[in-house]
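Taken straight from TrEMBL:
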{"type": "TRANSMEM", "residues": "20-42", "note": "transmembrane segment"}
{"type": "TRANSMEM", "residues": "54-76", "note": "transmembrane segment"}
{"type": "TRANSMEM", "residues": "88-106", "note": "transmembrane segment"}
{"type": "TRANSMEM", "residues": "144-163", "note": "transmembrane segment"}
{"type": "TRANSMEM", "residues": "183-206", "note": "transmembrane segment"}
{"type": "TRANSMEM", "residues": "218-238", "note": "transmembrane segment"}
{"type": "TRANSMEM", "residues": "250-269", "note": "transmembrane segment"}
{"type": "TRANSMEM", "residues": "281-299", "note": "transmembrane segment"}
{"type": "TRANSMEM", "residues": "305-322", "note": "transmembrane segment"}
Amino acid sequence: MSVEDGGVPGLGRPRKARWTLMLLLSTAMYGAHAPLLALCHVDGRVPFRPSSAVLLTELTKLLLCALSLLVGWQAWPQGTPPWRQAAPFALSALLYGANNNLVIYLQRYMDPSTYQVLSNLKIGSTALFYCLCLQHRLSARQGLALLLLMAAGASCYAAGGLQDPGTTLPGPPSAAATSPMPLHITPLGLLLLILYCLISGLSSVYTELLMKRQRLPLALQNLFLYSFGVLLNLGLHAGGGPGPGLLEGFSGWMALVVLSQALNGLLMSAVMKHGSSITRLFVVSCSLVVNAVLSAALLRLQLTAAFFLATLLIGLAVRLYYGSR
């Protein structure tokens, strides 16, 4: 398995085991994100500002990177640190920041189900930029695997991979049941969604290209990236108008969300440097299975046949892309 295929060449058995463990941990943390956020709700609402969670997550990443360099977990480069190589990471931080904010604005112009289905187009945009920027050609088998990956996410969300058991209980129908939100998307919403998918693919591939071209320790590259990320999100938080304070409404569950997302960000940066953006797509898609299982266990949501179909499609996609040819 080569780097272009999403793996790491020449891995011995111990390193291959560590790489597999890292991918499994990242998949688990991606999948746990939404259920953990649901556990943070108070009276059905998020008690903190979303910008606070994003800012604290970026700050935690930055501190962990600085700590790894200070204690020698990763070697500091010889001589004066090449700070001029930090500048390109400003674009990465800007692209990621734009993407995170687009996710919020998109909800105004379409229903959640439509967003979840159509946002799977970012798999295609990532593959497109991956081929154009890294000059790697996907085989027909790999292309089919990515199509199956898109179909897995679309089928699960479109058909309702999870169902709230409360909707099946007898009694008077709720307001949500009597007037459900219709499937819809406005022309502006469609335009913003296309922009979101393009930025998502570009940000992932650009960051991968940057990390692989620079001969710098990963921790130092992350230090550059998250420094810009903290500055950007600090500005967004400060300019967001009045609201709860930075730590107001936080709980133990929220601290776990911030820590898990920070660790997951560091794991994903290792995937980008030593693996590929395509591997990241498979991690995110496989996290759908973890998300559904945790939602069923913690939030009492019922798995439907669509979930099992999506799981089958994801497994087939992994086998097609990474299996022996």
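Heads up, residue numbers simply count up from 1 along the chain you see.
Placement of Cβ uses the backbone N, Cα and C atoms for every residue, glycine included.
Highest Cβ pair count under 8 Å relative to the transmembrane segment (20-42), across stretches 218-238, 250-269, 281-299, 305-322: 281-299. Below 8 A, the CB atoms of the transmembrane segment (54-76) and the transmembrane segment (250-269) form 3+ pairs separated by six or more positions in the chain. It is 88-106 that, among the stretches 88-106, 183-206, 281-299, 305-322, forms the most Cβ pairs under 8 Å with the transmembrane segment (218-238). Tertiary proximity for the transmembrane segment (88-106) is limited to same-chain residues at least six positions away from its ends with a CB under 8 Å from its CB atoms, namely 50, 54, 115, 189, 192-193, 195-196, 199-200, 202-203, 206-207, 210, 221, 224-229, 231-233, 236.
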